[in-house]
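**Student:** This is the structure I want to talk about, given as structure tokens.
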Amino acid sequence: MECPAPDATDAADPGEAGPYKGSEEPEGREPDGVRFDRERARRLWEAVSGAQPAGREEVEHMIQKNQCLFTSTQCKVCCAMLISESQKLAHYQSKKHANKVKRYLAIHGMETIKGDVKRLDSDQKSSRSKDKNHCCPICNMTFSSPAVAQSHYLGKTHAKSLKLKQQSTKGAALQQNREMLDPDKFCSLCHSTFNDPAMAQQHYMGKRHRKQETKLKLMAHYGRLADPAVSDLPAGKGYPCKTCKIVLNSIEQYQAHVSGFKHKNQSPKTLVTLGSQTPVQTQPTPKDSSTVQD
């Protein structure tokens, strides 16, 4: 469709796109000579799905990717003539243009894109099956047909390679377990791994490990060594009291809490005397079960 240049009376104000002479082209109709294929739908969707173009470079990039619809002098979607550089920039950055492009895409492009998305999902599922019928990554073999592939997967060669791979995986897991038991490679207290003994020694002399050791000794002193939450809690994450369901931020806070009246009256517990270290069972006094941090 050829669109005449605007008359002097039709020229737009600065910053506005000049309209075609006459009414705008109906939105449901594609511009003449434009075939709306999948690739064009994708490019146009990318152009309007994000933020509006800001600045000359983004506008030029949008025009370059969608030359079938946008040029420096004409917007076929809005049926507008752009008679100056300022009008071109103002038009392509306007909300009115963006809204018309979205409506245009909804009419001509969304069905195309939706169809592509559905096909992509089914294609991905079928491609895995096709890949399996084309090659075996375990045995590093390729097949000329699905029948040859099926014969391979049922054969002794594939079964042997699969068994070796499984054994290798198990061996790697056992090696990892052995490394976790080696203090020069893994610290079970801090859940840290080391590449060499020097790195391990540096860790064991560091503040983080010492803090975890102090935490563990403190819990043991107050009869909390059997609490799994203590050893599972990462270093630097506080000092938990499962009885009161709170976490203290420092050793001093924890000591003050477990020595306090509120903690002692939550449930029966063991008090350790400083002289004999003999545990003595005490019974709680009647108290509200609500938990309040000291």
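Numbers run from 1 along the shown chain.
Each residue, glycine too, has its Cβ placed from N, Cα and C.
Here Swiss-Prot flags 1-19 as compositional bias 'Low complexity'. Marked as N-acetylmethionine by Swiss-Prot on the basis of similarity to another entry: MET1. The region 'Disordered' annotation in Swiss-Prot covers 1-35, 269-294. Swiss-Prot lists 22-35 with the feature compositional bias 'Basic and acidic residues'. The zinc finger feature in Swiss-Prot is assigned to 70-104, 131-165, 182-216, 236-270. The Zn(2+) 1 binding site annotation in Swiss-Prot covers CYS75, CYS78, HIS91, HIS97. What Swiss-Prot records for LYS114, LYS170 is SUMO2 cross-link. The Zn(2+) 2 binding site annotation in Swiss-Prot covers CYS136, CYS139, HIS152, HIS158, and the record cites similarity to another entry as its basis.
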**Student:** Can you tell which of the recorded positions (HIS97, HIS152, LYS170) has the fewest other C-beta atoms within 10 angstroms of its C-beta?
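**Tutor:** Sparsest of the recorded positions HIS97, HIS152, LYS170 by Cβ contacts within 10 Å: LYS170.
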**Student:** By DSSP, how many residues in the zinc finger (236-270) are helix, how many strand, and how many coil?
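**Tutor:** When I sort the residues of the zinc finger (236-270) into the three classes, I find 12 helix, 8 strand, 15 coil.
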**Student:** Can you tell me how far the Cα of CYS78 (Zn(2+) 1 binding site) sits from the Cα of CYS136 (Zn(2+) 2 binding site), in Å?
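**Tutor:** Between the alpha carbons of CYS78 (Zn(2+) 1 binding site) and CYS136 (Zn(2+) 2 binding site) there are 54 Å.
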**Student:** Select the most exposed residue of CYS75, CYS78, CYS136, CYS139, where exposure means the fewest other Cβ atoms within 10 Å, treating these as the binding-site residues.
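**Tutor:** Candidates: the binding-site residues CYS75, CYS78, CYS136, CYS139. Fewest Cβ atoms within 10 Å: CYS139.
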**Student:** Any idea what the Cα distance is from CYS136 (Zn(2+) 2 binding site) over to HIS91 (Zn(2+) 1 binding site), rounded to a whole Å?
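**Tutor:** CYS136 (Zn(2+) 2 binding site) to HIS91 (Zn(2+) 1 binding site), Cα-Cα distance: 55 Å.
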**Student:** Out of HIS91, HIS158, give me whichever of these binding-site residues has the highest number of other Cβ atoms within 10 Å.
**Tutor:** HIS91
**Student:** List only the single closest residue to HIS158 (Zn(2+) 2 binding site), chosen from the recorded positions CYS75, HIS91, HIS97, LYS170 by CA-CA distance.
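**Tutor:** Closest by Cα distance to HIS158 (Zn(2+) 2 binding site) among the recorded positions CYS75, HIS91, HIS97, LYS170: LYS170.
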**Student:** I need the nearest neighbour of HIS97 (Zn(2+) 1 binding site) among the recorded positions CYS139, HIS152, LYS170, using C-alpha distances.
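**Tutor:** That would be CYS139, the closest of CYS139, HIS152, LYS170 to HIS97 (Zn(2+) 1 binding site).
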**Student:** Could you give me the DSSP helix, strand and coil counts for the zinc finger (70-104)?
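**Tutor:** Going through the zinc finger (70-104) residue by residue, I get 18 helix, 5 strand, 12 coil.
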